[in-house]
Amino acid sequence: MRDIKILHTTFGILGDVFGLLLFMAPLITFKRIIRKKSTEQFSCMPYLISLLQCLLAAWYSLPFVSPNNLLVTVISAIGIGLEATYVLIFLIFSPKKGKAKICGYLFVVLSIFSSLALVSMLAFHGNRRKLFCGFAFAAACIMMYGSPLSVMRLVIKSKSVEYMPFFLSLSVFINSTSWSIFSLLGKDPFIFVPNAAGTILGAAQLILYVVYRDKKGVKKDEINESVDQMRTGKLQDGKLVDIQNENANP
């Protein structure tokens, strides 16, 4: 029993470490945004989704909802701070129309979280509260882990892994695997299911990297310097068209 608790804590700490790396991955993108004082064609939506996921994860991991999830609370709180900072940077450097749209989306995110938290406190108690909050958290987590699918599709089309950094893919895989084992040891299906899906997606990304790492389907001078493209699934439209045209006319 003691060994299981030690393993449970160990994999939770690993999840926190690699979760932090994932949350910090967009720093290169935001360094570029601040330097150019423009959000260009980058989308704020992935960061809003991640903010919602972190809010729901933090709420789910609180002792009065689900016990023994302190490490989930820690990384979720860090994630809330970082994702909120990213959204704030978008608000500062977006054009006026963009600011209004981001404020609208942010209002929706905060309204969803507030409504779910309020309903869970007033309408549910004990295990029913855990079930309600767990389903909400798992759904948001699956949405976050599903975002790299478009970039995986681009890797296959362009036959290049330039848009899918190896260490970021590796971090996704290790992070998801750590939380999967953590949740198995803690017998928590709401943490296990989305992270098991993340493990599968992370493994698929690593397989794609092995397959396409030596192939150069895209010129390096056309590669966006953002390392979080894997998370966003967003490319600048003009560059995507150029890449598709180049592949069609070698």
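Start at 1 and count along the chain as shown; that gives each residue its number.
Glycine residues also receive a Cβ, built from the backbone N, Cα and C atoms like all the rest.
TrEMBL lists 6-30 (among others) with the feature transmembrane segment.
Look at TrEMBL and you will find 42-62 (among others) tagged as transmembrane segment.
What TrEMBL lists as transmembrane segment is 74-93 (among others). Sequence-remote contacts of a segment are chain residues at least 6 beyond its ends whose Cβ falls under 8 Å from one of its Cβ atoms, and for the transmembrane segment (74-93) they are 15-16, 19-20, 23-24, 26, 30, 33-34, 37-39, 42, 44, 47-48, 50-51, 53-55, 57-58, 61, 99, 102-103, 106.
What TrEMBL lists as transmembrane segment is 105-125 (among others). Same-chain residues lying 6+ beyond the ends of the transmembrane segment (105-125) with a Cβ under 8 Å from its Cβ atoms: 44-45, 48, 51-52, 55-56, 59, 65, 87, 131-133, 136.
According to TrEMBL, the feature transmembrane segment maps to 131-151 (among others). For the transmembrane segment (131-151), the residues of the chain that approach it from at least six positions outside its boundaries are 46, 49-50, 52-53, 56-57, 59-60, 65-66, 116, 119-120, 123-124, 163-164, 172, 176, 188-191, 193-195, 197-198, 201, 205, 229-234, judged by C-beta separation under 8 angstroms.
As annotated by TrEMBL, transmembrane segment applies to 163-185 (among others).
Among the features that TrEMBL reports, transmembrane segment is placed at 191-212 (among others).
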Contacting positions for the transmembrane segment (6-30) when only residues 6+ beyond its ends and CB under 8 Å are counted: 42, 47, 50, 68, 71-72, 74-75, 78-79, 82-83, 86, 89, 168, 171-172, 174-175, 178-179, 181-182, 185-186, 225-228, 231
